[in-house]
Amino acid sequence: MRPSDPGTARPDTSVLRLLRPGRRPAAALAAAVAAATALPLAAPQITRRFVDDAIGGASTRHLTLIALAYLGIALAGQAARMVTAWLASRFAWDGTNRLRERLAGHALGLDLAYHGRHTPGEMIERVDGDVVAVADFVVAFLLDVVASVLLLAGVVVIVFGVDWRIGCALLAYCLLIGFGMARAQRLAVPSAARSRAAGAALMGNLEERLAGAEDIRANGAGEHTVRRFHQASAALYRAETADARVGTTLLAGTSVAFALGTAIMIALAAWTLRSGTITVGTAVLLFQYTLMVRTPFERLIDQLRQYQAALAGLARIGGLLAERRTLPAPARPRPLPESGPLGLRVDGAGFAYPDDDEQVLSGITLTLAPGEKLGLVGRTGSGKTTLARLVLRLYDPVEGSVRVGGVDLREADPASLRSRLCVVTQDVRLFGASVRDNLTLFRPSPGDERLREILTGVGLGDWLAALPDGLDTELRGVSAGESQLLAFARAFLADPGLVVLDEASSRLDPGTERRIEHSIDRLLDGRTGVIIAHRLSSLSRVDKIAVLDHGKIIEYGRRADLAADPHSRFGRLLDLAGVRR
Ligand SMILES: Nc1ncnc2c1ncn2[C@@H]1O[C@H](COP(=O)(O)OP(=O)(O)OP(=O)(O)O)[C@@H](O)[C@H]1O
């Protein structure tokens, strides 16, 4: 089940369990809902008394007291409704915050195969938009749906008590309207689901374009981007108008049904009054109760729309929670060696991306002794990054194996894997948080002294000293070079046994270059390294070279041997680049 199949997935019951309030707050809410229902039900009884007593010639004082009682009940009813609203929204937000936390945690735990298929915008819409739709509905459900159904039941019971024939007519009328609404709801769910899916697609589109705004502008792709954005907006507009059309039709249909029902009830009351079985006051009471039926039904139909959105939202939330990692957890996890550099052994590894038949890696075999460095060279799209992803177990190979520190990664303990392997890429993600949090990635800090030492080590000592609040300064406007250096600082903090380094392909100023080169040397010292090399000069520090082409290793050996071989591809690459062999 994919979360993108709105409306077809069944809401996960654990989603609803997360929304459930505690026992005490639930009891308080139930009491408030009961009061908010019972008090309005009592009002027509007072009107009946007032009318009958007035016709019977009661004193003004007596009538005034009845009117005051009416006023008191009306005020108390409103107060009960306010308390219900307050309690309902509090519980809804408590519950949805729990749900949001669970969803965000779950989404972050899913592997790259999932995130490759879904844009961040789509995830935001799921974790925020859908959750808000559910929260809105929970408030509305408690406030309007439950209270309305109770009010309807109360009205029918009371009217039955007054005259069973009118009671039967009212019950039949309510059942007919209820049945009609249930049918209409089934018609409306798919259009609401389509509208939310179109909203998610638009958000995804927008997020992606905003993230790449610089590239879009630099490459003059603005017009094309706007056109695509316009297409996504138009799709949303169409879905929203179709959804609104369904809603308006439903509302118009019920208005006609209400008018008809009220006319029938008034005719019945007039007929009973004529036959002398009820008083004028009771006829007014019946009329009032008939009118009272309208509001709960209107609220219900109104809520139906939120219900549709919530149902579609719940289905997608359930779908997201049902997504499992595609990388199976090992039955008996084996930890990697706790310290020292880690050896690497790739044996006949092949790989194809999920949903893609074409294999992008095949027959990859290589070994690195602990502490050795490997340079991966190859044209763009030859599979260097993919191979690095297998080494980090972001994906599992479809054939062959990858062993780090003697442990097959499929059997390795995930926690030990994350603490002993580290990747530094050219695409550094920094967060709008303090320097400290950006280094520790929000984990407990090893102490400011250590953080300062690491930053100074990567050449960011002066940069840190110039920050107004030191490690507490919120990161803003960091240059590309500083970002790279911060990424190295993160790696030093992690102190891994194997480092995968995706070298920055763009040139930086010579000063920063020097600091980065120095950091790379220090980071690789005493550690095993896999370097995706974009510059041949940086391959001077590696022990072995693997040249990739179309997902296969076409040349592999010790760097010194390959450089000395006049016929080697690596040697020719060095010659072409004018680098000494
Ligand atoms: N997430 C993905 N889903 C599907 N195919 C992918 C994915 N990432 C890469 N590929 C494909 O796998 C092949 C190898 O890509 P990879 O990024 O590993 O090459 P590379 O050598 O690292 O390229 P570059 O030097 O440009 O980074 C390419 O054909 C690419 O289109």
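The backbone N, Cα and C atoms fix where each Cβ goes, glycine too.
The domain 'ABC transmembrane type-1' annotation in TrEMBL covers 27-309. Taken from TrEMBL, the feature domain 'ABC transporter' applies to 344-575. The transmembrane segment feature in TrEMBL is assigned to 26-43, 63-88, 131-158, 164-182, 250-271, 277-297.
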Counting only residues 6 or more past its boundaries, what in the same chain has a CB within less than 8 Å of a CB in the transmembrane segment (250-271)?
165-166, 169-170, 173, 176-177, 180-181, 184, 188, 278, 283, 286-287, 290-291, 293-294, 297-298, 301, 304
For the transmembrane segment (277-297) and the transmembrane segment (63-88), does the number of C-beta pairs under 8 Å, pairs 6 or more apart in sequence, reach 3 or more?
no
Interface check, the transmembrane segment (26-43) with the transmembrane segment (131-158), three or more C-beta pairs under 8 A
yes
Using a Cβ cut-off under 8 Å, which residues of the same chain at least 6 positions beyond either end of the transmembrane segment (131-158) come close to it?
15, 19, 29, 33-34, 36-38, 40-41, 81, 84-85, 87-89, 91-93, 95-96, 99-100, 103, 167, 170-171, 174, 196, 289, 292-293, 295-297, 299-300, 302-303, 306-307, 309-310, 312-314, 317
Over the domain 'ABC transporter' (344-575), work out the mean pLDDT and round it to an integer.
88
